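Quick one: the structure is below, questions incoming.
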Amino acid sequence: MQVGIVGGSGYIAGQLLRMLAFHKDIEIKIVSSKSHAGEKLSRVHPDLLNILDLRFSDMDPVDLASRVDLVFLALPHGTSINYVPDIYEIGTKIIDMSADFRLKDPDLYREWYGFEHNYPDLLEKFVYGMPEFHRNEIKNSRYVSVPGCIASSTIYSVAPFSMLNLDNNIVTVDAKVGSSGSGSGTDSSKNYSERYNSVRAYKPVHHRHTPEIEQEIKYISGKNIKIAMSAHSVNMVRGILTTSNIFIDLDEPDALSQLREFYKNEKFIRLIFDRKSNFRYPDPKTVIGTNFADLGVISDGYIKRIVSLGAIDNMIKGAAGNAIQSMNIMNHFDESEGLLIPAAFPV
C-alpha cells in the first residue's frame, strides 16, 4: 500500500517515517514539507540516513492525497481542517494527527482550540484512534483521528476504573511531559537553556486534551466524569508520566485485578507491578521509542483513593504508534506489524 505524509518535517512525522520504513506492507511514496522542499529527508531527520532515500516535496496536500492510498496529516491544529473536506471527496484514506477531528461536539473547538469547526458532518466520519477501545470501528472506517498524547496516557490509566462508583465522579491528573511534546517549532520556551533543570507548570488548568479525555471516558463507561488536569514540562526530551487520583475505596489486589482483566488481550498494554525492581512503577524511560503503554496502580486506604499511573512515549503510543496501529487495523494487516520494537535501554 502506498502512503504519503503531509507535514513531513515535524517530530511526529519523523517517527512515522522511522517505523513505516520497516513496515512490510507499506511503500512511502511522497513526503511533503513546504519549508524543506527538495531537501533529503535525512537533513531534517538524520536518523533516516541510509534508511530512506527520499526528498521532501512541496506538493499540495490534496494533490498528494490523490496519488496515494492513505495519507497521514501531520499538521498543526487548525490546519488539517482546510484539506480534509477535499481529500474526503477524493476517497483517500486519512489518518489525522491533529486535534481537528477528535471531538464530536463542534462547539468544543471554539472553547478549547479557538476556532470554529464548520464540518460537523465530517466529525462523525472520523473514528477516535485508540485501537484498544475502537478496534471494530477502525476496521470499518477510512478516517481516523489520532488522540492527543496526554489524553492517551490518561485514558489508558483511568478507563479500567471509570465504570466503578467513583467519589463525585472527579479524577485529578498530574501530567509530566518531555520537551518533544511541544513540537519542533521555534518558541523560546522550548530552548535547552529555558527547559534544562526546570519543572514548569505550563498548563495548570484548562488543558485542551481535557474534553477528549472526558468524551472517551464517557464512551467507555457511560458516565460523565470530570477531569481536573495539571500539566508540567520536565527535563526530558520524550515521554509522558500521568498520575491519576481516582477517589474510590478499592484495595490494591482488587485494583490490580481490575487493571489486568481490563487489558488482558492487549499486546501493547503492559502492567508494571514489581516492587523489588528499580522500575517498580511505570516510568517513561522504559517505553522510549516503543508503542507500549505501561500502567500501574497503588491503593491509598488512608483517604480511599487509588493512584493509577501511565507511562508512554508521547511521540509513539501518544501519536505515531497509535496511528500505525490504526492503519494496520483499517487495512487488515497484522495489527502489530512495524510496532514490536523494544525500548533502547539504558538511555
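Heads up, the Cβ atoms here are built off N, Cα and C, so glycines get one too.
Pulled these from Swiss-Prot:
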type	residues	note
BINDING	Ser9, Gly10, Tyr11, Ile12, Asn314	NADP(+) binding site
ACT_SITE	Cys149	active site
To the nearest whole angstrom, what is the C-alpha distance linking Gly10 (NADP(+) binding site) and Cys149 (active site)?
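Just about 15 Å between their Cα atoms.
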Here's one to test understanding: among the binding-site residues Ser9, Tyr11, Ile12, Asn314, whose C-alpha is closest in space to the C-alpha of Cys149 (active site)?
Asn314
Tell me the Cβ neighbour count for the residue listed as 'active site', meaning other Cβ atoms within 10 Å of its Cβ, over all protein chains shown.
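The residue listed as 'active site': 28 neighbouring Cβ atoms within 10 Å.
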Neighbour count, 10 Å Cβ-Cβ cut-off, for Tyr11 (NADP(+) binding site): what number do you get?
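Tyr11 (NADP(+) binding site): 21 neighbouring Cβ atoms within 10 Å.
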Look at each of the binding-site residues, Gly10, Ile12, Asn314, and point out the one with the fewest other Cβ atoms around it within 10 Å.
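Across Gly10, Ile12, Asn314, these binding-site residues, the one with fewest Cβ atoms within 10 Å is Gly10.
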Can you count the other CB atoms that lie within 10 A of the CB of Ser9 (NADP(+) binding site)?
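Its Cβ has 22 other Cβ atoms within 10 Å.
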